[in-house]
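A.B. asks: This is the structure, below, for whatever I ask next.
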């Protein structure tokens, strides 16, 4: 499966630079708004990753737009092309539910996958680059880091690519998650994690098991791309994100124990924040411009107190912005879409394709095409999408079409909706379900509705009427006109080029 290898973020940046996928910016650029404007224009034009070498007021460079194209997401996952991410999805589908060998020959066919799994354990180091420089106690000062202030009405600078490491009281494996963090002071951040996310669940279980005790937390900034992407990929609960990252990267993930707690962090991370959450210590977070294209409302979240900052020599701060699509999360959604397809097909073999349009804010709308097999089949698929992977818990709209429709072509999808749907019969509405708290359109924060659209051809059990047959030209006629077409010269060369 692996087609390219790299060891850490710096190794990956060297690879990008060799391929013209990284632009160094030497001019002084302000982390307050200016970096966002440059990064946004670059991303919308399909441009390179950006390394701001001289942020105004800081000596630490800032990396933006690392995953600003689907191609770079694929490269981060060890692949040369986005289409190869289907293989990553197939491997994940296998790891979620491995099929037992059906015989001796089948065992040999499956051996490569089993070998990949065996090569995934992490490698623990006694010392690591991420601990080359250490600040602790009164020396901890987050203002040394050029944290971006992305939008004019944002409440404060925002750490956007913080890889947060936690462990529940009853778990051996750690959880890795990406949660945005508002800078609150020289040693304090607000940890914005939603209640269903792994870090929040670990914290909740800790509070129940250890009332009044501090909850250990570590945040890695500038981890290698495979580890970052593993944290946002539907890795099976029985598998460590570190282990899966090793598989993507082509060699084992190297980790090191924190100085102040027992959590293990990526050894090659550029910066690591160590600390704790004091139970009951909450603060209002926001507002912030978000991936929806709007400022979100203010809500209370736990405060993360930083006791240690460790970093590499000449550390790089990895950052991003979020805004109306396309932004980095939307681009990543397009690439990771290819990972989701085989996982869904493993559970629902009737699925032909699955698409999360980037303009749907990464995950809020999904289009599914199926080989329909019975009346009501589309509704079963809708329910399956909403319940199978936690990544789709907040998907508000699911459109199900037949396999003659291209899920990635709005012309096809809209045609199916307008010709194969009766709004009353073919619309499924579900009320009072979990919804993204950032979705201000829902009547209650965190609780809203979902809509399923059955845009499939209807079977006799679904309608008493004779169903329409799509118009299609006679194939012999098409072949004759194909042979005659150039001779007709209906379009001039100028028209053809246009």
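Just so it is clear, glycine is given a Cβ too, placed from its N, Cα and C backbone atoms.
Sharing the feature lines straight out of Swiss-Prot:
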type	residues	note
BINDING	175, 241	Mn(2+) binding site
BINDING	178, 179, 180, 192, 193, 194, 197, 198	prenylated FMN binding site
ACT_SITE	290	active site, proton donor
A.B. asks: Have a look at the binding-site residues 192, 193, 194, 197 and say which one has the shortest Cα distance to residue 175 (Mn(2+) binding site).
C.D. replies: 197
A.B. asks: Hey, how far is residue 290 (active site, proton donor) from residue 197 (prenylated FMN binding site), Cα to Cα, in Å?
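C.D. replies: On Cα coordinates alone, these residues lie 18 Å apart.
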A.B. asks: Tell me the Cα distance separating residue 241 (Mn(2+) binding site) from residue 197 (prenylated FMN binding site), rounded to the nearest angstrom.
C.D. replies: 14
A.B. asks: Please report the three-state DSSP label of residue 194 (prenylated FMN binding site).
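C.D. replies: It is coil.
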A.B. asks: Return only the integer: C-alpha distance in Å from residue 198 (prenylated FMN binding site) to residue 241 (Mn(2+) binding site).
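C.D. replies: Computed Cα spacing between residue 198 (prenylated FMN binding site) and residue 241 (Mn(2+) binding site) is 12 Å.
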A.B. asks: If you run the three-state DSSP split on residue 175 (Mn(2+) binding site), which class comes out?
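C.D. replies: It is in a strand.
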A.B. asks: I'm trying to understand the geometry here, so how far is the Cα atom of residue 180 (prenylated FMN binding site) from the Cα atom of residue 241 (Mn(2+) binding site), in Å to the nearest whole number?
C.D. replies: 19
A.B. asks: Work out how many Å separate residue 194 (prenylated FMN binding site) and residue 241 (Mn(2+) binding site) at their Cα atoms, rounded off.
C.D. replies: 19
A.B. asks: Using a Cβ cut-off under 8 Å and a sequence separation of 6 or more, which residues in the same chain sit near residue 178 (prenylated FMN binding site)?
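C.D. replies: In sequence order, the residues whose Cβ lies under 8 Å from that of residue 178 (prenylated FMN binding site) (at least 6 apart) are 161, 162, 163, 164, 228, 231, 232.
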A.B. asks: Across the listed prenylated FMN-binding residues, 178, 179, 180, 192, 193, 194, 197, 198, what is the farthest Cα to Cα distance, given in whole Å?
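C.D. replies: Maximum Cα-Cα distance: 14 Å.
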A.B. asks: Considering the binding-site residues 192, 197, which residue's Cβ sits among the greatest number of other Cβ atoms within 10 Å?
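C.D. replies: Top count of Cβ atoms within 10 Å goes to 192.
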A.B. asks: Mind telling me which of the binding-site residues 179, 193 has the densest Cβ neighbourhood, counting other Cβ atoms within 10 Å?
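C.D. replies: Selected residue: 179.
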A.B. asks: Over all shown protein chains, what is the count of other CB atoms within 10 A of the CB belonging to residue 194 (prenylated FMN binding site)?
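C.D. replies: Excluding its own Cβ, the number within 10 Å is 17.
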A.B. asks: Which of the binding-site residues 179, 192, 193 has its Cα nearest to the Cα of residue 241 (Mn(2+) binding site)?
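C.D. replies: Considering only the listed binding-site residues, the nearest one is 179.
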